[in-house]
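See below for the structure under consideration.
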Amino acid sequence: MATATIAAVVILMNFIVIASAADVPKLEIFPSQKVQRKAVGQAMILTCRPNVPSPNLVADLQWKDNMNNTILPKPHQIYQPVYDSKGHRIRENTGRNPPMFTEYMTGTESLALIINHLSVEMEGKYYCTASYATNEILETSVTVKTYVGITWTNAPENQNPILGEDYVVRCEVKADPNPTIDWLRDGDQIRTGEKYVVETNGLLIRNVQESDDGIYTCRAAVLETGELVERTIRVEVYSRPAITYLPTTLEATEGKPFSANCTATGKPVPEIFWIKDATQQNVATADRFQVNPLTGVLNINSVTQDDYGTYTCIAKNDAGVVDQKTKLNVLITPSIHFLYNVTGDSQKEIALTCRAKGRPAPEITFSRWGSDDEYAAGVQVDDERITLEQHFDEEKGESSGTLRIARAQRSDDGLYQCKARNTGGTAYATGHITVQFPPDFSHMKDLPPVFSWEERKVNLTCLAMSIPNATIEWRWNGKPLKDLNDKNLQIVGTGPRSDLIVHPVARQYYSVYKCVATNILGTSQIDIQLKEARVPEPVPAAEPKQLTATSITFDIRSPPVEFGMPITAFTVQYKEAINPDWSTAMNRSWSPDSPYIVEGLKPQTMYHFRFAARNQVGLGMWGVNTQQSTPKRSAPEEPKPLHSPVQNDIEEPVVVSPYSDHFELRWSVPADNGEPIDFYQVKYCPGVKMAGTWHELENQCQSVEVADSTSYEMSRLAGNTYYRIELRAHNIIGFSSPASVIMKTTRDNPYPNGVASTDHSISRLTIIAMVVICLFNSRSILNGQLNRLVAVW
């Protein structure tokens, strides 16, 4: 009982003490830490709030600085606009806040101390004071400590070392207390070693290489304040410029444009200048000169003799400068001043001479117009009749060339190009050699006779080849036509072309007419025959070559024809055998070079056929008369794949797919043999062929039915693999015989995206190799091995 009483008394006393402490008036500063650490240059705010039973009894709440001076409130400023209503500045905005001031916080009884820019001089103890109930002074304090934050003084974010040299990646920093510096690259810390040395002012990289390009991190830390700041520095390695191409001498041609190239390497890409040494002028600023500073190409619009001299090519970038010299020689382009056309007789000598000027004295050659083959100096190897003579006079800068042709022929007639060439360029001129020869009709000897029928007018043309042109005379039955005055024989032109227009109103005009051509070198003549044309003879034979239930393909033998009157078409009439009337027969015509197919026939029906040939005159008489019965309805004919195989296999051709994983099979519609085709069956199996025998991987065969289409795309195929494809057409009666195709896919990429596959499938080459081993070891185990390979595949 006594113990319980004592405990109750103790609890009551503690409650009284706590209650009394809560009623003690005091001031509280927020943040509540007694020591506030802030970096120099930062802003800060401290608030002082009375914690008293009666806040209305608090008076004279104020802040005192580290010199015990009262900190005044922020002075009141009268607003004055900086801009007028039109947006024009009318005064400078000179309003500034004092370094520190006090300000009551809205909605609270707290007094804030605001420091806009903390300096080292502001470090110290700050007091908050107030009076309470007129006679009690309240006071509390907070200590402000400053430190200098990390500041980069010499740490450019982009730095460029020179290839092959040592370089210090600069990173200088200041802070108080002093910071520690370390370096990172790609997240890994860099330590001093053979390649890198961490120094106080930066990171030393020995023998800089292109591999040193990258992002480096300079990390500064102040252990006392816990401040950690990183500086990202991009390091790009530069290389000094080097001139890689500039000939020691250059040759330009007077009066012509000129281009020279000075190529340089370096990083960054160097800028290239051309300087003419005699005047020390940058030629990019001169007339007629253009310089591309990136490629180093120098262009001169029109070269003059004054452009001769030594030039310096300068390549410059941020890593350095390099130069190299070259000499420019100016050449004189050849010019041809003598070349005349010549004329000579066949079987006699003809000479064509060409003269030119230039420096150095140009070489003169000839070529036939339109040919790049030039005649060589001296006697020609392939034609000893032709000789090229050349003469040079270097002192005068003149040369000449003469092309001599002994025993000239008609083929020597034509244009010849003279080419005068030196190092400055090439001049061209064209001359003509005319070879005179007597009239010639050799081009007309193989022409067919001229035909006419039904008194149609016809033109007999005579063209004589000769130089000079020949005159032409027409003769008939040994007499000149011009003396006959026959209105049915009209002559147009007297040479070298002449046309005889014949109106054959009587059979006597179907005859031979003689064309006689004459020039100063001789006479020639040719006979031109006019014949009466007739329709073709009857077709001698037409045999059925291929039968289906609804079509017949014939093999037609053509009747004999005259030279110049070809067969233009074959025609067939056909009717059912039970129909005696040919007037109701059906007709079909073919060109001579097309297959002779009659389609749309009835199955199991006897037909009569008769054939005739047609030429320009008309349709000949009906010839061979044959009868043929169509077969009964049956399965369709074998479809024909529309692919062109290549003979890259010694046993049989192979169709090559342009893809590794799919192939589109296409085919033509076969004869349906009386019943419509309802679908096609496509079966394809991978496999290999060894010693002429095809071995299919039966477990991998695919079979599909295709309706309303003559194509099918096989997908999800294996690359670099042979497939045997069978195609059959189907109608209500059954399947056609299969059409077989061997197809090979192209090789696919074994490592997509450059990464080796993790799939555990066996490659096709492995399969083929194992099949070969099976074939040579034991044919009896072939199927079992293949099935196991397929299961793994």
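Each residue, glycine too, has its Cβ placed from N, Cα and C.
These come from TrEMBL:
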SIGNAL    1-21  signal peptide
DOMAIN    25-145  domain 'Ig-like'
DOMAIN    164-234  domain 'Ig-like'
DOMAIN    241-329  domain 'Ig-like'
DOMAIN    334-434  domain 'Ig-like'
DOMAIN    439-529  domain 'Ig-like'
DOMAIN    535-633  domain 'Fibronectin type-III'
REGION    625-646  region 'Disordered'
DOMAIN    649-749  domain 'Fibronectin type-III'
Next item on the list: Would you kindly check 25-145, 241-329, 334-434 and say which stretch has the most C-beta pairs under 8 angstroms to the domain 'Ig-like' (164-234)?
Entry: 25-145
Check: How do the residues of the domain 'Ig-like' (164-234) split into helix, strand and coil according to DSSP?
Finding: 3 helix, 43 strand, 25 coil
Check: Using DSSP, what's the helix, strand and coil tally for the region 'Disordered' (625-646)?
Finding: 0 helix, 8 strand, 14 coil
Check: How many helix, strand and coil residues does the domain 'Ig-like' (334-434) contain under DSSP?
Finding: 3 helix, 64 strand, 34 coil
Next item on the list: Could you put numbers on the helix, strand and coil content of the domain 'Ig-like' (241-329), residue by residue per DSSP?
Entry: 6 helix, 55 strand, 28 coil
